[in-house]
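Everything below concerns the one structure shown next.
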Amino acid sequence: MHILYVGLTYKHTPVKLREKTSFFSQDLTGANVKLNETKSILENVILTTCNRTEIYAVVDQLHTGKYYIKRFLADFFELPMEMIEPYLEYKEEEGVLYHCYRLGCGLDSTVIGETQILGQLKTSFQVARESQTTGTIFNKLFNDVIAFSKKMHTVYKINDRSASLSQSAMQIAENELTDLSDKHLFILGAGEMSELVVKNSENFNIGQISIFNRTVDKALKLQQYTDQPLHVFPLSDFYKKVPEADIVISAISVKDPFITKQDLVLSYANETVKALYIDLGVPRNINPHCRLIEGITLYDMDQVNQLIQKHNEERAEILALINQDVDIAVSDFKEWEKQLGIIPVIKRLREKTLEAEEAAMTSLMNKLPDLTTREVKIIRKHMKSIVNQSLRTPIKEIKELSIEENAAYDIQLIQRIFGVEENKETEDCIKNENQSRNPGKQVSRYSNETSSSIYSE
């Protein structure tokens, strides 16, 4: 068995092709099932977002797995294989593990440390599991990745240390106002900076967003970057609406400041003011004198950049720490993976001792037919305790041996010592169960739910 990754991501794939190779959420179940029926595929999870389409697979052979996943993508999206082939990125074994753990932490995202990808990864895994296209390997891997990523976000709070102007602006808003769920955000402009602010607002649970721009049609195009309804107005309406704003982020192209103290005073009239203004424009969009108005807090570009610089220094240290934790997580998973080969041996050893226990109880009851129900219960309990204590050390040592260099030889030796050759009947039963789900396809004895639930620790 091998773990394989095939991806089309924002790093190497143009948006025009990403649009053509993105799975709709309603198609994911069918796509997972169809891929799982493909030759060589034993387990699979499909992840699709606006920035990536990624396929994770457990395959029997790497070269055939790559070919059939590539062909699956071409067939599913009805595209020539030569159109997608130059952009496909492949990772194998340890490379897949590193990518998966880093991805869950947001380290492979356009906005480093963002949390949205973790939710998308979790949803993709749930869909695949419900589609019955995951087994022992991926149930373990994705559960581990999700738990690990949550821990990294909790411990290091990397998303709190933004490295972009737009995200920093949103972080300032959250720091100043704490809860943004009932706040109204005004965004001035509809250019690239405003687009990024809209995208980043997805992670901050803003109550309402209004866009003000000279060209309303251009502002309307920002709706594609968020699921939250945007209210769009001409820029000339700003001063009429401004008393409704809790946060104003301005990023328009002007020679002189568009927002001035005099105009704000007229707009607010006698109303109580409590608003945060963030100027992301160059030249400045907001006159510095606006901060003299009671109730207005103003951040200019220099202040935002100072925050970014501080965050960059902190993030460099944090990223190094997270990467160290990823190394440990990958190492732990690889050790667990090595132990998979010993699972059938441990299972058969348990079965054999249980058979001996049952035979002894049957013999005892035949020879002592006058035993009461209570006495039988006590004897059975003590026999079970003896069996469990007798097995504890051998099983612990067997697991340790399974991850050493000569594991294959050691496993064979253990089988001979304990007389526990793999139970052919049980293995065939598991194999037949998997083949009934995937007719005509060879499957691994480890890609079934039964072994996962029995031996997970």
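Quick reminder: no glycine exception, Cβ is built from N, Cα and C everywhere.
Taken from TrEMBL, the feature active site, nucleophile covers Cys50. In three-state terms derived from DSSP, Cys50 (active site, nucleophile) belongs to neither a helical nor a strand segment and is classed as coil. The Cβ of Cys50 (active site, nucleophile) lies under 8 Å from the Cβ of Arg18, Ser22, each on the same chain and at least six residues away in sequence.
Residues or ranges marked as substrate binding site in TrEMBL: Thr49, Cys50, Asn51, Arg52, Ser109, Glu114, Thr115, Gln116, Gln120.
Cβ-based neighbour count (10 Å, all protein chains) for Met193 (NADP(+) binding site) stands at 21. The feature NADP(+) binding site is assigned by TrEMBL to Gly189, Ala190, Gly191, Glu192, Met193, Ser194.
Annotated compositional bias 'Polar residues' per TrEMBL: 432-457, in sequence order.
Under the heading domain 'Quinate/shikimate 5-dehydrogenase/glutamyl-tRNA reductase', TrEMBL lists 172-306.
Here TrEMBL flags 326-419 as domain 'Tetrapyrrole biosynthesis glutamyl-tRNA reductase dimerisation'.
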If one looks at the chain holding Ser194 (NADP(+) binding site), which residues at least 6 apart in sequence have a CB under 8 angstroms from its CB? Ile187, Leu188, Ile211, Asn213, Leu222, Ile249, Ala251
One of the binding-site residues Gly189, Ala190, Gly191, Met193 has its Cα closest to the Cα of Thr115 (substrate binding site), namely Met193
For the domain 'Quinate/shikimate 5-dehydrogenase/glutamyl-tRNA reductase' (172-306), the averaged pLDDT of the predicted model is 93
